[in-house]
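Under the heading disulfide bond, Swiss-Prot lists Cys69-Cys130, Cys81-Cys128, Cys174-Cys225, Cys258-Cys295, Cys262-Cys299, Cys273-Cys285, Cys314-Cys348, Cys318-Cys353, Cys326-Cys338. The domain 'Ig-like' annotation in Swiss-Prot covers 48-145. Feature annotation from Swiss-Prot assigns domain 'Ig-like C2-type' to 153-242. Taken from Swiss-Prot, the feature domain 'TSP type-1 1' covers 246-300, and the record attributes it to sequence analysis. As annotated by Swiss-Prot, domain 'TSP type-1 2' applies to 302-354, with the evidence given as sequence analysis. Here Swiss-Prot flags 543-686 as domain 'ZU5'. Annotated domain 'Death' per Swiss-Prot: 865-943, in sequence order. Under the heading N-linked glycosylation site, Swiss-Prot lists Asn222, Asn347. Residues or ranges marked as phosphotyrosine in Swiss-Prot: Tyr581. Sequence annotations record features per position, and here Swiss-Prot assigns region 'UPA domain' to 689-838. Per Swiss-Prot, signal peptide is recorded for 1-26, and the stated evidence type is sequence analysis. Residues or ranges marked as topological domain 'Extracellular' in Swiss-Prot (evidence: sequence analysis): 27-377. Summarising the annotation, Swiss-Prot assigns topological domain 'Cytoplasmic' to 399-945. Residues or ranges marked as transmembrane segment in Swiss-Prot: 378-398.
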Amino acid sequence: MRARSGARGALLLALLLCWDPTPSLAGIDSGGQALPDSFPSAPAEQLPHFLLEPEDAYIVKNKPVELHCRAFPATQIYFKCNGEWVSQKGHVTQESLDEATGLRIREVQIEVSRQQVEELFGLEDYWCQCVAWSSSGTTKSRRAYIRIAYLRKNFDQEPLAKEVPLDHEVLLQCRPPEGVPVAEVEWLKNEDVIDPAQDTNFLLTIDHNLIIRQARLSDTANYTCVAKNIVAKRRSTTATVIVYVNGGWSSWAEWSPCSNRCGRGWQKRTRTCTNPAPLNGGAFCEGQACQKTACTTVCPVDGAWTEWSKWSACSTECAHWRSRECMAPPPQNGGRDCSGTLLDSKNCTDGLCVLNQRTLNDPKSRPLEPSGDVALYAGLVVAVFVVLAVLMAVGVIVYRRNCRDFDTDITDSSAALTGGFHPVNFKTARPSNPQLLHPSAPPDLTASAGIYRGPVYALQDSADKIPMTNSPLLDPLPSLKIKVYDSSTIGSGAGLADGADLLGVLPPGTYPGDFSRDTHFLHLRSASLGSQHLLGLPRDPSSSVSGTFGCLGGRLTIPGTGVSLLVPNGAIPQGKFYDLYLRINKTESTLPLSEGSQTVLSPSVTCGPTGLLLCRPVVLTVPHCAEVIAGDWIFQLKTQAHQGHWEEVVTLDEETLNTPCYCQLEAKSCHILLDQLGTYVFTGESYSRSAVKRLQLAIFAPALCTSLEYSLRVYCLEDTPAALKEVLELERTLGGYLVEEPKTLLFKDSYHNLRLSLHDIPHAHWRSKLLAKYQEIPFYHVWNGSQKALHCTFTLERHSLASTEFTCKVCVRQVEGEGQIFQLHTTLAETPAGSLDALCSAPGNAATTQLGPYAFKIPLSIRQKICNSLDAPNSRGNDWRLLAQKLSMDRYLNYFATKASPTGVILDLWEARQQDDGDLNSLASALEEMGKSEMLVAMTTDGDC
């Protein structure tokens with residue numbers, strides 16, 4: 001057996017040494033299309049391993065390209081191009097031995113000419129591939145594609161010359177000519193290459209546009225777009241950018257002196273157009289450089305003496321006197337005083353008494369007699385005594401007044417501690433005096449939240465009253481915030497914790513005289529003073545939601561409010577987790593103060609915590625109540641700073657590259673792309689008084705009525721889901737129910753009030769306590785949008801408890817505007833007490849948190865394919881810009897152009913818009929219109945999986 005096997009081995013070795021593969025290779029030379037799959041070899045060898053594979057190449061002009069391939073161990077290596085074997089004559093083969101392993105390394109090289117590539121027909125590019133043989137089998141290399149390189153001469157779009165004002169944004173567009181490979185683009189400024197890394201005022205977008213963020217005078221230059229690849233270099237036409245400066249007036253100089261020193265004249269002042277001076281063709285200052293005005297200088301009047309008086313009787317000194325005054329006229333307006341003496345004297349005894357003539361200004365005049373000094377001192381003493389008496393009287397009065405105020409404070413404090421505090425939902429008994437049934441001070445129609453000060457009702461304010469009823473139009477609402485003040489805490493600013501519904505948890509049936517209830521309020525007040533640090537935490541589950549997110553992203557949603565926060569995939573850095581929260585701020589202090597025709601259009605929403613590092617924008621969705629008509633509104637997004645004041649973030653249609661966010665405005669909501677979390681609110685300002693905002697009218701009645709009185713509360717709210725949900729929760733605590741489905745009212749910026757009235761009341765069984773025919777809410781209280789739960793109350797009285805049917809019409813309309821009519825029909829005994837509970841606890845009404853891929857409609861694989869296909873600029877414009885246009889997101893494309901993946905940001909915005917329905921039909925339709933059929937196939941395939 002051993003001899004037989006040895007003979008077989010010797011025979012096999014002889015055959016291997018004698019075998020020649022030349023016939024097969026000759027078949028290749030003669031046009032054969034196939035090589036044997038394997039050659040006889042020793043079974044110990046391994047499969048060939050490629051050390052060098054052919055790479056993609058471009059044929060420049062007519063120069064052929066060389067393809068190299070190296071493998072070991074390999075007995076043969078051949079190229080196969082477009083499915084056909086390359087002739088053996090076209091191969092250049094080199095062999096060497098690996099010193100470490102002793103294996104044979106074979107390297108093969110071929111050339112591919114331009115003619116070979118041009119002769120190829122079909123849609124696929126010309127390709128070549130290496131096939132290496134060894135005794136163990138064959139190995140194929142990667143495919144290398146060979147293309148003919150070119151670069152067309154004409155640009156698809158060239159930059160245009162522009163003249164722009166100083167500090168404005170400049171956009172220079174450039175679409176390079178078509179070429180293979182795709183041309184690289186650079187910009188020249190006066191023949192110097194622009195490097196955005198060195199000058200951050202320049203920005204090169206992903207579609208090769210040049211943006212100057214804020215034009216400077218030094219940016220006045222010639223700009224050229226340069227496209228180049230391995231074939232050629234093309235230059236666009238030069239675009240000249242001129243940055244001009246419009247002239248500005250300097251401050252007015254001082255008025256010149258009046259032209260006339262006396263009487264009417266003129267004076268002028270001047271200014272110059274040098275702040276700044278116009279440059280580079282900028283406009284000259286508008287207005288006058290000189291102003292003139294009339295002036296009147298009062299003329300000076302010199303004083304003049306009156307006539308001398310008659311001589312006085314002769315004195316004991318043998319002299320008599322006469323006087324005169326400087327009053328004819330007196331000196332005025334800087335005139336000169338009279339010159340001369342005021343008194344004159346002379347001897348009156350015809351020489352019997354020899355006395356020299358004396359005058360008032362004679363230095364030898366006689367001194368005052370001692371009797372004059374005594375009178376002077378006596379007067380001073382009397383004056384001192386009078387002053388002391390006055391001071392003592394004032395001191396006594398002040399002392400008595402302080403004592404009286406102190407007694408009052410003690411009385412007020414004791415009253416607050418022993419039952420002086422009346423809860424808001426307690427109604428005092430009406431006095432027997434019939435005159436008191438008609439108070440002179442009418443109720444406040446517009447108060448929506450009160451501050452309780454001692455025993456006075458919060459909603460019984462005296463401001464903005466309308467005399468039309470004898471009962472409060474606004475019943476006190478127990479769930480409103482209440483601040484308790486006494487003589488020791490007034491002015492301290494401390495109150496109950498924000499958002500705490502204190503009265504909603506009190507035991508029913510208690511009254512102001514109940515000491516336990518007063519003690520309960522005092523306890524809550526003291527507890528709130530020590531818990532101020534808890535005010536910022538999102539505690540109300542109906543208006544807040546939180547979750548922990550990683551790099552996969554997710555979504556926070558407060559159902560029933562239209563408020564959500566989308567955290568895209570990749571927004572949070574890899575390996576980090578953020579605890580995010582979303583909250584609707586319910587207090588009026590969290591809303592900005594409206595000025596002029598400004599109004600709050602959305603709820604104030606906080607997403608946090610602030611200061612987190614985000615790798616891509618998140619999308620905050622808030623509802624709004626504006627009737628969006630082009631040209632009627634000036635929309636703004638505002639944020640609340642750390643100091644509490646509100647700052648403007650962006651004005652829509654006035655965005656620049658420095659704008660930190662983007663707003664996508666829909667008919668009833670606004671989607672905001674944010675780089676920073678914080679507190680935001682959407683506001684609007686009426687443009688030329690033509691804006692219209694939507695109101696939501698809702699009528700509530702008590703679910704249980706055991707008295708003769710019956711009240712209807714008509715709420716006038718912003719037409720947002722969040723506003724209605726807040727009122728539903730409020731009415732549930734009051735024991736009310738929604739009488740009829742809410743209706744929408746268009747409220748115009750016309751300064752006209754909102755009028756509410758009742759009609760068709762069955763007077764045989766009911767009577768209205770409203771003295772006037774209607775009630776009105778002032779226009780500004782409705783328009784500013786910063787007052788919560790704005791409503792009016794209609795109080796009715798039935799003649800007997802047997803009357804359980806009530807019908808009427810409620811008309812709500814704006815004076816000289818639109819209106820709505822409610823037809824009410826209710827049965828007091830059969831009122832569905834649980835209607836509000838059903839609304840407030842409807843399915844999906846709990847806050848939701850979606851994490852990871854489940855929060856998104858587009859699978860991640862499809863999203864990546866769409867981004868890879870559309871992010872790169874296309875000369876035909878069939879890229880992300882067209883997608884933004886198809887999805888109506890092209891209001892400000894420069895925002896997306898500055899992002900690393902514009903398509904990804906657009907898809908994030910699409911995800912936020914599709915929160916409710918969420919099908920892919922709209923996106924699929926847009927891709928189909930763009931001609932991206934391969935994306936539709938991917939969406940169908942991956943979507944089914």
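Backbone N, Cα and C define each Cβ position, glycine as well.
Structure coloured by features recorded in Swiss-Prot.
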residue : record                      : Cβ within 10 Å
Cys128  : disulfide bond              : 22
Cys130  : disulfide bond              : 27
Cys174  : disulfide bond              : 25
Asn222  : N-linked glycosylation site : 13
Cys258  : disulfide bond              : 17
Cys262  : disulfide bond              : 12
Cys273  : disulfide bond              : 18
Cys295  : disulfide bond              : 17
Cys326  : disulfide bond              : 17
Cys348  : disulfide bond              : 18
Q: Check Cys318 (disulfide bond) against DSSP and tell me helix, strand or coil, would you?
A: coil
Q | Cα-to-Cα gap, Cys262 (disulfide bond) vs Cys295 (disulfide bond), nearest whole Å | A | 10
Q: Compare the C-alpha of Cys314 (disulfide bond) with the C-alpha of each of the recorded positions Cys258, Cys273, Cys295, Cys338, Tyr581, and give the closest one.
A: Cys338
(Q) Nearest by CA distance to Cys130 (disulfide bond): which of the disulfide-bonded residues is it, out of Cys81, Cys273, Cys348? (A) Cys81
Q) Counting distance between Cα atoms, which of the disulfide-bonded residues Cys81, Cys174, Cys258, Cys285 is nearest Cys299 (disulfide bond)? A) Cys258
**Q.** DSSP helix/strand/coil residue counts for the domain 'Ig-like C2-type' (153-242)
**A.** 3 helix, 40 strand, 47 coil
Q. Where DSSP helix means H, G or I and strand means E or B, what are the helix, strand and coil counts for the domain 'Ig-like' (48-145)?
A. 8 helix, 53 strand, 37 coil
Q | Chain-internal residues, separated by at least six, CB under 8 A from Cys69 (disulfide bond) | A | Phe50, Leu52, Glu53, Pro54, Ile77, Phe79, Glu107, Val108, Gln109, Cys130, Ala132, Ser141
Q.
So if I draw a 10 Å sphere around the Cβ of Asn347 (N-linked glycosylation site), how many other Cβ atoms end up inside it?
A. 18
Q: Could you break down the residues of the domain 'ZU5' (543-686) into DSSP helix, strand and coil, giving a count for each?
A: 3 helix, 72 strand, 69 coil
Q | Entry from the disulfide-bonded residues list Cys225, Cys285, Cys299, Cys318, Cys338 having the most other CB atoms no farther than 10 A | A | Cys225
Q. Over all shown protein chains, what is the count of other CB atoms within 10 A of the CB belonging to Cys81 (disulfide bond)?
A. 22
Q: Average the pLDDT scores across the domain 'ZU5' (543-686) and report the rounded value.
A: 91
Q.
With every protein chain in view, what's the tally of Cβ atoms within 10 Å of the Cβ of Cys314 (disulfide bond), excluding that atom itself?
A. 14
Q | Candidates Cys128, Cys273, Cys285, Cys295, Cys318 (disulfide-bonded residues) with Cα within 10 Å of Asn347 (N-linked glycosylation site) | A | Cys318
Q: Measure the Cβ-based neighbour count of the residue listed as 'phosphotyrosine', defined as the other Cβ atoms within 10 Å of its Cβ.
A: 17
